[in-house]
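The feature transmembrane segment is assigned by TrEMBL to 12-38, 44-69, 81-103, 149-168, 197-226, 238-260, 272-292. According to TrEMBL, the domain 'G-protein coupled receptors family 1 profile' annotation covers 41-290.
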Amino acid sequence: MDGTNQTAVTEFIFLGFSSVLYLRLTLFVIFLTVYLLSLMGNTLIIFIVLTDVALQTPMYIFLGNLSFLEIWYTTATVPKLLATCLAQVVTISVFGCITQYYFFFSMGATECILLAVMAYDRYLAICSPLRYSVLMSLRVCLQFSAGSWIGGFIAPLLPTILISHLSFCGPQKINHFFCDSDPIFKLSCSDTFLVEALGYTCTSVVILSSFLLTMFSYGYIVVTIIKLSSQKAQRKAFSTCASHLTVVTIYYGTIIFAYVRPPAKYNFTIGKVISVFYCVVTPLVNPLIYTLRNKDVKKAFRKILTRKRLLLTRKMQ
């Protein structure tokens, strides 16, 4: 687009979901409830992992990282989502929009890498149990955790730099509740071909490579479990992996549908609905799955409650 004789845009306006007040208020209550439950659930997992020595193993260190990530992943978008439900006009500066874009995609990439690492950890634990403590030592675990964060924050860096050099001269309305890639590109009056191609390539490579690595790990796990002679051992192994696989299915199912496709085929209405799943729902589902299906986490939580009751009893005496 030709940017001559057009006023440069300094802020954007989020359109959100609906202009109908009662519908916006209903969505506000739903999204706020889910957001608060997500914050509490993920914070609880972090607290349990940090306070229970028995859970300070690679599997639960990765889980603590995932919960910490989910807190910030959802916080990057949900506050603006809630604001669009309450106010008619919700704005964000161009700089704030690009910043939100970077942190959202950084944490999304980090989650992809971390889920692949968690699948690899389960692969080692089930397929090489005798060598697990050597192959996944505390040092290696921390290196994988740090690598997930570093890799995730590097992945969208170049597309973000290119976006920051785009010109925006109107219209200034973003047909979304956060600064997703396609809505930003639609508002630019610069040539976005290069940044769109690079952004699409980066997201596809990160999502598909981590997804394939995750699936390969679980494929080997399934083969190994089938070979186990004991049904009790099979049930235990399947139970350990079931929660991981559920999270992986929900998360990858939505983001592959949203981002692994040609940019020209983007539908804003469908995009907003799908975004709710990986921005709002998944961060709540993760702690629910890991706490409800995991005996160790439930046991540690009961120990914490028992200690609290004992302390209260002593204070009252």
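Note that Cβ sites are derived from N, Cα and C of the backbone, with glycine treated the same way.
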Checklist outcome for this item: Comparing 12-38, 44-69, 272-292 for Cβ pairs under 8 Å with the transmembrane segment (81-103), the winner is 12-38
Next on the checklist: Under 8 angstroms for C-beta pairs, at least 3 of them, ignoring pairs fewer than 6 apart in sequence. Is the transmembrane segment (272-292) in contact with the transmembrane segment (44-69) by that rule?
Outcome noted: yes
